[in-house]
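Q: Sharing the record's features from TrEMBL:
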type	residues	note
TRANSMEM	22-44	transmembrane segment
TRANSMEM	56-73	transmembrane segment
TRANSMEM	200-219	transmembrane segment
TRANSMEM	239-257	transmembrane segment
TRANSMEM	264-286	transmembrane segment
TRANSMEM	306-328	transmembrane segment
TRANSMEM	377-398	transmembrane segment
TRANSMEM	451-468	transmembrane segment
TRANSMEM	474-496	transmembrane segment
Amino acid sequence: MSQKQLKEAFISNLNGTSLLEISAGLSLAPLCLLCRGLLLILYYLHHGKPLSSRKYSLLLDFLLLVSPLLFSCTVLSPIIFFMPVILAAFCAGIFSKIYSQRKREARAPFGQIVKEFQKTYLDPEYIPAVTVFRVYVNVLTSISILAVDFPQYPRRYAKAETYGTGVMDLGVGAFIFGNALVCPEVRQKSRMPQPRFSSLARQVFSVWPLISLGVGRLLSVKSIEYHEHTSEYGVHWNFFFTLAFVRLAASLLLALFPKDKAWLVALALAVLYQLLLSTTSLKAFILHGSDGRGSRLGFLDANREGLLSLLGYLAIYLASVQVGLWLLRRRASVRGWLEALRELVLALLVLFVLLQLCQACTEPVSRRLANLPFCTWVLAHCLLLLGFFVLTDLALVFTKLLVKGSSVPCCWKVVQPPDSREKHGTEAVPAGREDEMSQLCLISAINKNQLLFFLLANVMTGAVNILIDTIHSKAAFTLCILHLYMFLNCLIMYILHARDIVLKFW
């Protein structure tokens, strides 16, 4: 076999992992974020000022926010279930140290602190969990697209061939989910009536970079005979095309139907598509081609997975728009967000029950088909990760109340209560905003240039695969390459952020 065939075989015919292992893995990113925030608060408690060194800030962020995820999907994957416990214990130790060492004048009974915490008002214009979710999906995807070519990356985490739940299968759906959370239909704040197709017009203008990247990826892969997994999207199709067309189709549907009923449109679309898969020959065509032997004759046949899975991804996108609208409901206090978390837990229970019913009554989860179980699974685990990030932010807000004046980048900002603002005639100014604005943060840096970050990751992944025999790499060499690859990408984003450069002109 040629090197190209070896690498294609290495990422083919896989079956995924368990839902429990994926859920355990999803808890790592929020715990890393919590650990970073608690350490910054502890630093402020000891030094009376935030960490201001850009060099050490980048190093701290990379070591705490990125490096643990690299280890968890390679050499530490056999103990993945113990890692959340270890990180949670470490965070508990840091919190205990902060609680015992806080200033004497700030010491109050724990019950009083909890009551004060529930009454705390948060900046309603900024929901950090949304930003962090989108950035972490990008980071985890960037790690996986290169790590999957190394033997240290467990085969069960890679994309499943037909049925199964791999970590990378979830990443595809999570990208769709994250894009929908900040789409024009969700971000539109004006109460004035807007032209029906205004959002569609904005999407037409904003998706051309995705189409350009899709064409560029297609031409580069074919020209250098780069290894590819044909049954993933087809011969000519790729995820850039999927994301672009889903965004366009969703904007068209949301122009025709009320956006607050997006979940109904998503449900109807997913159920109708599943009925077609179950009652017609559509599923056989997607899996085996028009001749039943996996033929790739003609454009539709050659790209059947990518083209027909658009219906499932469109359903995920529309349901995620509903989630975005729910998140933007005005919740000014901690109490409001605690109630939102309860609603989120209820939604998760419904979705996980629905997932079991769907798999029992129809078929297992299949990213290749983007069937109803896949849509349900993606929504359930994305909401779970989002809930973890909201909980992390609330925990950091609670800790900041213990250490007055402390600040954590990409965390909720505490504001004055509305009554006190009216009394003094002032605006809602977040406490510690100047400190937070002066602190550079890797999450903010990646968020400013997310598409560039993902593009650089794809380019560097291609370069590594061309230059290195990844399949036969040893563990130490693999970890060095992965860390260097991610650090270079993060460093470029960090430098651009420090110079306030946003490479976006569409």
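Note: Cβ is positioned from N, Cα and C throughout, glycine not excepted.
Would you situate these features in the structure and describe their surroundings?
A: Outside the transmembrane segment (22-44), and at least 6 residues removed from its termini, the chain residues within Cβ reach (under 8 Å) are 50-51, 60-61, 64-65, 68-69, 72-73, 80-81, 83-84, 87-88, 90-91, 94-95, 97-98, 132, 136, 140, 165, 167, 170, 381, 384-385, 388-389, 391-392, 395-396, 399-400, 403, 405-409, 411.
Same-chain residues lying 6 or more positions outside the transmembrane segment (264-286) and placing a CB less than 8 Å from one of its CB atoms are 253, 257, 292, 304-305, 308-309, 311-312, 314-319, 322, 358, 362-363, 368-372, 375-376.
For the transmembrane segment (306-328), same-chain residues at least 6 beyond its ends with a Cβ under 8 Å from one of its own Cβ atoms are 127, 129-130, 173, 176-183, 185-186, 233-234, 237-238, 241-242, 245-247, 249-250, 253-254, 259-260, 262-263, 265-267, 269-270, 273, 282, 286, 300, 367-372, 374-375, 378-379, 382-383, 386.
With a threshold of 8 Å between CB atoms, the same-chain residues lying at least 6 positions outside the transmembrane segment (377-398) that come near it are 19, 22-23, 26-27, 29-31, 33-34, 37-38, 41, 113, 117, 120, 122, 128-130, 132-133, 136, 165, 170, 173-174, 176-178, 316, 319-320, 323, 334, 337-338, 340-341, 344-345, 347-348, 351-352, 355, 365, 408, 411-412, 414.
When Cβ-Cβ distances below 8 Å are used as the criterion, the transmembrane segment (451-468) is approached by residues 7, 138, 141-142, 145-146, 149, 209, 213, 217, 220, 224, 226-227, 481, 485, 488-489, 492-493, 496, 503-504 of the same chain, each at least six residues removed from its ends.
For the transmembrane segment (474-496), the list of distant contacts is 54, 58, 61-62, 66-67, 70-71, 74-75, 139, 142-143, 146-147, 150-152, 440, 442, 445-446, 448-449, 452-453, 456-457, 460-461, 464, 468, 502-503: same-chain residues at least six beyond its ends, Cβ to Cβ under 8 Å.
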Q: What same-chain residues lie close to the transmembrane segment (239-257): Cβ under 8 Å, and 6 or more beyond its ends?
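A: Residues 172, 175-176, 179-180, 183-185, 196-197, 199-200, 202-204, 206-207, 210-211, 213-214, 217, 233, 264-265, 306, 309-310, 313-314, 317-318, 321.
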